[in-house]
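Novice: Okay, here's the structure, questions in a sec.
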Amino acid sequence: MAYLYLVRHGETILNADDRVNGGTVDSPLTAQGVASAQALGKLLAGVHFDRIITSPIKRAVTTTRLVVGEQVPIITDTRLREMTLGDWDGLPVSVIADDPEFHHFNEHLDAFNAQAMHAETIAHLWQRGHAALRAAVAGVPADGHVLVVAHAIILTLLARVLTGTTSIDGARTDGELVNTSVTVLRDQPGAWAKLAWEVTPDRVDTLTPAQRALFNLPAKQ
């Protein structure tokens, strides 16, 4: 079945300022975000992608173009937008750090009351995100490769739950996928296999031979 490369967008100004970077806000990539996306593009240059799909939010589209170039066809899917966090979006994390719902959001998603801050529910996020990934691999050859560029909350939830790493409730207890990282899964009957997790260009030397092959990298000497 198809290989799925999940990429979180590059660092944004809101990320650097430690502000909530949900689905209703956006900001440009920082200089570091641009450089990291370009470096990720070099890491992925040896992979032929049968399909490239991105969230329509500008930070994701910009990252996609920095990774694959301006001329390669891409598809946008609104189902890959970041989770809408309502009243929290754009706020400094320090402002909401003591809110009990912020604790639920990070530690016990089943208890998270989205209505309290007019946010999207976790159930809805899961449903649309899962549907987007199923559509992403539909019709792709069994040995094909699909690139998906999106956001921290949605990608972390999908990657951890689909691979059986955790339930939805605990999907955020170990934090989020880092900016400009790539996580590689393989769509298999009944489950998604975790082949490489949160790979960044500066961690290539830690990859196993099998993981290096996912990026068509030469064998480590």
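Cβ atoms are placed via backbone N, Cα and C, with glycine included.
Not measured: the values here are computed from a predicted model.
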Novice: Pick from Arg51, Arg59: which one does TrEMBL list with Arg8, His9, Gly10, Glu11, Thr12, Ile13, Leu14, Asn15 for the same substrate site?
Specialist: Arg59
Novice: Using all protein chains shown, find which of the recorded positions Arg8, His9, Arg59 scores highest when you count other CB atoms within 10 A of its CB.
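Specialist: Neighbour-count leader: His9.
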Novice: When DSSP states are folded down to helix, strand and coil, where does Arg59 (substrate binding site) land?
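Specialist: Looking at the DSSP assignment, Arg59 (substrate binding site) belongs to a helix.
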Novice: Ranked by the number of other Cβ atoms within 10 Å of their own Cβ, which of the recorded positions Gly10, Thr12, Leu14, Glu82 ranks first?
Specialist: Gly10
